[in-house]
Amino acid sequence: MEEDRRQTDLGTAADIEEAQLAQASPSPAIENETESAAQTQNGATPLKQPKKRFVGRRAATEAAAKNGSSGATGESGAVATAKPRRAPRLLNQVPKEILENPDLKAAISLLPANYNFEIPKTIHRIQTSGSKRVALQMPEGLLLFATTISDILTQFCPGIETLIMGDVTYGACCIDDYTARALGCDLLVHYAHSCLIPVDVTTIKTLYVFVDISIDATHLLASLEHNFASGKTIAVVGTIQFNATIHGVKSSLERGGFRVLVPQIAPLSKGEILGCTSPRLTEDDKIDLILYLGDGRFHLESIMIHNPTIPAYRYDPYSRKLTRETYGHEEMQSLRRTAIHSARSARKWGLILGALGRQGNPHTLGLIEKELKARGIPIVHLLLSEIFPGKLALMSDIECWVQVACPRLSIDWGYAFSRPLLTPYEALVALGEKKDWGDGVYPMDYYGKDGLGRTRPLQIAS
């Protein structure tokens, strides 16, 4: 997935991290000069330095100028200079005629200035790919900008047709390349989510636009400094829209006396969490608190479930409020254990494959189906885009349901169903194929590297 992120232009977060690393790391040449000077002042004979087999061109040129020769061959000089580094080649580099187009800039000004919809990059992608019918998919919170974006793209890409996909989009798992292809589209632009489904897996050409949102970081820093004593260790996480801000404020918080950790659950980006996937923070990290940057609680609850003993706080960049958040861990775990216990005595199971975008993984479904067949348990298959209690209640002969769609549907709403509604993990626990979490932590790693959301055919066979 990290390769996919590079192909879709990772953006400012990586640039900020690299710049901070460069500032924090002193040059080796400066370190050597400082050490030599200190030894000379103390009257000590400087130690013979090992030969530098390969050095950068700039360092080699400086050494040659000092020695009055074109190639340094002394005891501590360079014996070879590095070849000139080729100019960096940027993928999806947008031409100046697009970036500096005054008419395009005027059109983009109709959109919120702090929302980066990457319009120039999208136009360039449409032009270079030769796309004629472009699907635009975004969460409901951004749909009010959809027609404006559509108008801009059709104006600056003559001859194309845009199609706004209006079905609900809960997250990155809902990317709907299947429907876009069925509607004759040859490019899908998916907004506000990371590339959970790789671009080499989608059935049509796909462009992910993260929609970086700029916020007032000064107020965030002031709020933290006012409420927490310096020296605290903070784990900072958020949704992909605020990922650049997370990396941007890290150095400022560290200057304020805080120790900052930006955790990662691979293959997601550092600091990024999903409603079903978040990093597990260890005791060695010595985290004092979790800070979530974003609105709403859905994503925050994921890391709270996965780290029940660490206090969690939410900074809402829209209301500019910092709040302490809590979660009913005991109640949730009790409800899920009850559902698992009931499922063990079920005589007929129903397997639901989620059809909302890419939510349903057929290989995960196949893994559970294999275990049920091995035990001789009758199965009914159901394909649903959205799962409601009333619909499942119509099939009263099914005594247990397993939904391969969104784990949070069972965790948040499982109590509303008349029959147990299990996640894939819970189903495997009920069948004795996975261990119960016991007195420990309920896992939230569905789209992690080894999560059940990433089940492959090989895992079913084994």
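Cβ coordinates are placed from backbone N, Cα and C, and glycine is handled just like the others.
When Swiss-Prot records Cys276, Cys406 as binding [4Fe-4S] cluster, the matching candidate from Cys157, Cys173 it lists for that site is Cys173. Counting only same-chain residues six or more apart in sequence, the Cβ atoms lying under 8 angstroms from the Cβ of Cys406 ([4Fe-4S] cluster binding site) belong to Tyr170, Cys173, Gly275, Cys276, Gly354, Gln359. Within 10 Å of the C-beta of Cys173 ([4Fe-4S] cluster binding site) we count 25 further C-beta atoms, all protein chains included. In the structure as shown, the Cβ atom of Cys276 ([4Fe-4S] cluster binding site) sits within 10 Å of 25 other Cβ atoms. Report note: the [4Fe-4S] cluster site is defined by Cys173, Cys276, Cys406, and the residues of the same chain whose CB lies within 8 Å of the CB centroid of those residues, excluding them, are Tyr170, Gly171, Leu274, Gly275, Gln359, Ala405, Pro407, Arg408, Tyr446, Tyr447, Gly453.
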